[in-house]
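Taken straight from Swiss-Prot:
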BINDING   7, 8, 9, 10, 81, 82, 83, 84, 85, 86, 87  CTP binding site
SITE      14  site 'Transition state stabilizer'
SITE      22  site 'Transition state stabilizer'
SITE      160  site 'Positions ribitol 5-phosphate for the nucleophilic attack'
SITE      217  site 'Positions ribitol 5-phosphate for the nucleophilic attack'
């Protein structure tokens, strides 16, 4: 089976003084989360589309699903965890408890605040994850990346044409992801920045799918302005 895991667990601290977590803020008069969910509903391959949100926001999430006529029976809402990877594991726990997990099950995980992903990106994630077990969505780095260990001095400058910027979706064979996560030490889990690092640490290959420049993550007030401009300018592909 194929599952979508929409990660809506953040509280949006970088968005500044706003009344709601960033995933519930509007772009073009509709919550960011709803824009994102609508992209996944269009993909018939998904057996379930699972939204993980902070426990205290589950009721609000269910309310906006009703308000915007999200009636697809595949859409479920569960409580997220304390961090990104714990949230993904909560989604997997839901799958295990309700459906069981088969050897070939795939999960497509995606940031709720990336509303401009395309059908191509989603479908390529499904295909590559089913074939190879793990895939990340990336774009080539445009700017030179510098590394600083002390935030004051440059310690290295990687070769730019070997650098990519990670986006989402990040998609996995569920058993591979679960087993790899369980094998990590507590110290390793504390420094994880995304789910693909779980697979990299296990020694398993992670394939790449081409993202899009406009597949932005809406995390700051500036991003919110850019997101509205993308919609109003009809820049993103469907």
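A Cβ is built for glycine as well, from the same backbone N, Cα and C atoms used for every other residue.
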Which residue among the recorded sites 22, 160, 217 has the fewest other Cβ atoms within 10 Å of its Cβ, if you could check? 160
Give the sequence-ordered list of residues that share a chain with residue 81 (CTP binding site), lie 6 or more positions from it, and have CB atoms under 8 Å from its CB. 9, 52, 87, 88, 89, 90
For the binding-site residues listed here (85, 87), tell me which residue's CB has the most neighbouring CB atoms inside 10 Å. 87
Note: among binding-site residues 7, 9, 83, least Cβ-dense neighbourhood at 10 Å is 83
Determine the C-alpha span of the CTP site listed in the record, that is the greatest distance between any two of 7, 8, 9, 10, 81, 82, 83, 84, 85, 86, 87, in Å to the nearest whole number. 12
Additional residues surrounding CTP, by Cβ distance to the 7, 8, 9, 10, 81, 82, 83, 84, 85, 86, 87 centre under 8 Å: 52, 80, 88, 90
How many Å separate the Cα atoms of residue 22 (site 'Transition state stabilizer') and residue 217 (site 'Positions ribitol 5-phosphate for the nucleophilic attack')? 10
Can you grab the distance from residue 85 (CTP binding site) over to residue 217 (site 'Positions ribitol 5-phosphate for the nucleophilic attack')? Cα atoms, rounded to a whole Å. 17
Argmin Cα dist to residue 217 (site 'Positions ribitol 5-phosphate for the nucleophilic attack') over the recorded positions 7, 83, 160 returns 7
Cα-Cα separation of residue 160 (site 'Positions ribitol 5-phosphate for the nucleophilic attack') and residue 7 (CTP binding site), in Å? 30
